[in-house]
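Heads up, the thing below is written out as structure tokens.
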Amino acid sequence: MTKDVEVAEHHGAKDYHDPPPAPLFDADELTKWSFYRALIAEFIATLLFLYVTVLTVIGYKSSTDPLLDLDQCGGVGILGIAWAFGGMIFVLVYCTAGISGGHINPAVTFGLFLARKVSLVRAVMYMVAQCLGAICGVGLVKAFQSSYYNRYGGGANTLADGYNKGTGLGAEIIGTFVLVYTVFSATDPKRSARDSHVPVLAPLPIGFAVFMVHLATIPITGTGINPARSFGAAVIYNNDKAWDDQWIFWVGPFLGAAAAAFYHQFVLRAAAIKALGSFRSNA
């Protein structure tokens, strides 16, 4: 009887071991159908993300156009735009998490690569698929509503008047830090092991993080925090202002993602201390 209790206690402890890091180079991935299926999932998810969200942005701008003399309270407003971005991330991460991990954002992919969650091959190919999907998604918006698209800025990210580039860069860094930090926390396997009795729906906090960041930074940069989103809109709209500010929407999110990866892995999870302790025990 005592032995049975000990066994039960051992199983109830939910012992946890860090998963091994992903290899830096994994050429074998290129021979697996699951890898290409993941790329297709990232492409389609980013396409749908840009299609719905850019249409929402254009719809908001058209409803607030003083020349059309429409009800100024009849549109979705900034709150609705934030919900569109956050809601679509929630839906698409939920749909694709089991196939590709549900990145839908080169900054998220970059952060996970730095944390050795994905290989370099997968990270690069994911970013390519995401950018192509974004271009195609915005292209569909322009094809269906070309007059509104050109008139209302094509949903392109630009720095708002009255803000300098440093402010815009800082907004993108902090906004992406919030997003990627949430991704790491919501998908932490240690949380699943410790709190396995509590259902954790990772897409929900991730989508909510996107929603909150949009509320804060739409007035500053239109909210990038996703280089594929900004790049796809810039390619199709092809405006000088959008291209002049484009670097903000790559440098900022990548710096924010790197900071979030470092904070979660080396501060909260103390990866450096664990590695040092393992080195000393083997010495």
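We number each residue from 1, going along the chain as drawn.
Using the three backbone atoms N, Cα and C, a Cβ is placed for every residue, glycine included.
Keep in mind that TrEMBL annotations are predicted by a computer and have not been checked by a curator.
If you check TrEMBL, you get these features:
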TRANSMEM  39-60  transmembrane segment
TRANSMEM  80-99  transmembrane segment
TRANSMEM  120-141  transmembrane segment
TRANSMEM  169-186  transmembrane segment
TRANSMEM  198-220  transmembrane segment
TRANSMEM  247-268  transmembrane segment
Query = For the transmembrane segment (169-186) against the transmembrane segment (39-60), do we get 3 or more Cβ-Cβ pairs below 8 Å once near-sequence pairs (under 6 apart) are dropped?
reply = no
Request  = Count the Cβ pairs between the transmembrane segment (120-141) and the transmembrane segment (247-268) that lie under 8 angstroms and are 6 or more residues apart in sequence, then report whether there are at least 3.
outcome  = no
Query = Thinking of Cβ pairs under 8 Å, which stretch from 39-60, 198-220, 247-268 has the most of them with the transmembrane segment (80-99)?
reply = 198-220
Inquiry  = What residues elsewhere in the chain lie close to the transmembrane segment (39-60), defined as a C-beta under 8 angstroms and at least 6 residues from its ends?
reply    = 75-78, 80-81, 84-85, 88-89, 92, 95-96, 99-100, 102-104, 125-126, 129-134, 136-138, 140-141, 145, 148-149, 152-155, 222, 228-229, 232-233
Request  = Could you pull out which residues elsewhere in the chain have a CB under 8 Å from any CB of the transmembrane segment (247-268), counting only those six or more residues past its ends?
outcome  = 105-108, 110-112, 114-115, 157, 159, 165, 168-177, 179-181, 183-185, 188, 221, 224-227, 230-231
